Amino acid sequence: MQVSSVNNVKIYNLSHGKSLPEWLSDRKKRVLQKKDVDIQRRIELIQDFEMPTVCTSIRVSRDGQYILAAGTYKPRVRCYDTYQLSLKFERCLDSDVVTFDILSDDYSKLVFLHIDRYVEFHSQHGHYYKTRIPKFGRDFSYHSPSCDLYFVGASSEVFRLNLEQGRFLNSLQTDAAEMNVCDINPVHQLFAAGTLEGRVDCWDPRVRTRVAALDCALSSITDNTEVEGLPSVSALKFNDSLGLAVGTSTGQILVYDLRSSRPLLVKDHYYGLPIKSLHFHNSLDLVLSADSKIIKMWNKDNGKVFSSIEPQANINDVCLYPASGMLFTANEDPKMNTFYIPALGPAPRWCSFLDNLTEELEENPESTIYDDYKFVTRKDLESLGLAHLIGSPLLRAYMHGFFMDIRLYHKVKTMVNPFAYEEYRKDKIRQKIEESRAQRVQLKKLPKVNKELALKLMEEDTELTNKKKKKKANVAGNLLMDDRFKVMFENPDYQVDERSEEFRLLNPIISNVAERRRKSLLEEEQEQAEEEQEPEGRGSSEDDSSDEDDKGWVQEVREQRRLLRMEERERSYIQRQERRQQDRNTRLQSSDTHTQQSHGAQKPRFYQIKSGEEFRSFSDVSRKQKTHKASLEERLQRLEKSDTLSLNDTAVGSKQLTFTLKKTEKQRFQQQAERDHHEERRRIRRSAGHLHSNRGGGRGRGGGRGRGGGRGRGGGRGRRPF
């Protein structure tokens, strides 16, 4: 038996353990059972609860006494009696079974749908009748009031076979190309069929007409689902009279209320595998949905996960035993799994001893230890020289390493390192000595990085003498021991630069907060020491003191800013002096090279101007080179001197930069030339105010522009004579 806990829900796998092969004789099986301890300790709840190769589907009779399973190879059906906990009978079939159903309360009436379109009926004694449907079938449902079997498959029709009359009835015509699953509501007998296009068609068996259609493919696409391709319906299950769960081929489950066309909840398995089975657990309001990889149990109202089961083999079918916490799975494996979940319900009455067994296991939990095997990684194998054994039966791959026999491991370890025991003994002695040293009185050692911060934290920790306050301020005391902040006192990259501008501007605020905290601690100690209450009006004094503290740290911030500006001026002055000295040196060097060249042969030298630059003179070359080589800080300082840049510091350490764009020399020259031109025109302009005539008053000879006084020959715009 294997015990696992998923989401704090205990799950017992009763089929876990070694199984004996079928080809062994009974005598050899008995011998193995006597010799092998693991086989003796295993729990075989139902004898021979397995198939030769694969189990495809599994069902429980209505009375709960019989468990029937269909599988291969060869195709067969097996019936197990729970009262006897053993196999009751086995019947071989002609072809593989797609699905089957139990029509009676016990095993006396069975219907099998085969992959070759045959429908086979079995009675209590065995095979009873066999017929064939027109198309390949995928699922069927039994309508008990009319004794009709509804078959769906690779066709747009729903075939009806009446078991009372023994003949086929008129089929139900649908718009779908193919249909995958079907189900009948146990309360009002509504028939529902899931189509290949992702639609669910609902029919009323009384009138044989479609009453509703649900588009599940479109509803399965939400923000929380991962849908790849067109979803088709792969599972259907009714719950009571109004509940319906639909499973899609892309791994989504849609929970519907039949009164609405929109799903109440959309749940995604996130595996992208078709949903194969759906079951409702009404006592806990759970839905059990299964694909080929996992069985998930979740709340039908909010989708919250209750637990999950992930068998080792792929799942073909799931059957929930009624009114209990037991379920069976048909797998791609000879063994059929039996799971018991006490949180879902009690054990069935035919195996009530499971409740006592699980209670004993919970009282005495045991950890799983592999005493006979040693887990080694690939690096360990290389150090032992056993890398060549990878892939051999001596190593069993598991996760990121391998399991090997513990005896082989000890032998190889002794051969590789014969002095391993001596080293182990020395390590143990060293550990004992270190433990004894830890009990001595130890001096506080400061870390290599941020010593002042560590010293400050230690001082604050020593000031907290009261135990209650020490609990409240436990963060400051344990900061040096906390692994999250351990790097801050070991890595030099985290060293606090106290000479930086940001630290000097923020330090007054931090020191003020620390001072306030220290004062508050002292006041609390005084309050606890005093027996009488303090007089009224203390709040105003605290406010006054806080205002004075605020004024104090504001003045300190201003003083720090003033000191920073003075230091900046001094640095800029020193840099200017250094640049002047460099300029003098470069001029002397250029003059020396000029004299050396004058004594030598005079040869012409050619210079190539770079593209995008304007050549003015050779004297600007050195200045340009200095400008290009200068750092960003030096360029900003030059701009600040020329009044085109202003740099201000705020109280919290940030900077404010304001700059103005200068006009180019060419633009200034053009503007100055225009101003000179206008001034010159103004100076040479002659006034014509002294030139006037008494005839007319206009611009011409008359009073206007012409000879008259108007614009022509008459009086016009000019002034008339008085």
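Just so it is clear, glycine is given a Cβ too, placed from its N, Cα and C backbone atoms.
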Swiss-Prot annotation of coiled coil - which of the ranges 7-30, 511-534 it falls on: 511-534
Result, the repeat 'WD 1' (50-90) in contact with the repeat 'WD 5' (310-349) (3+ CB pairs under 8 Å): yes
Proximity of the repeat 'WD 2' (174-213) to the repeat 'WD 3' (228-266), 3+ C-beta pairs under 8 angstroms: yes
Confidence summary (mean pLDDT) of the coiled coil (620-681): 73
Sequence-remote partners of the repeat 'WD 1' (50-90) [C-beta within less than 8 Å, at least six residues beyond its ends]: 19, 22, 96-102, 104-107, 110, 112, 122, 316-319, 321-322, 328-336, 348, 350-351
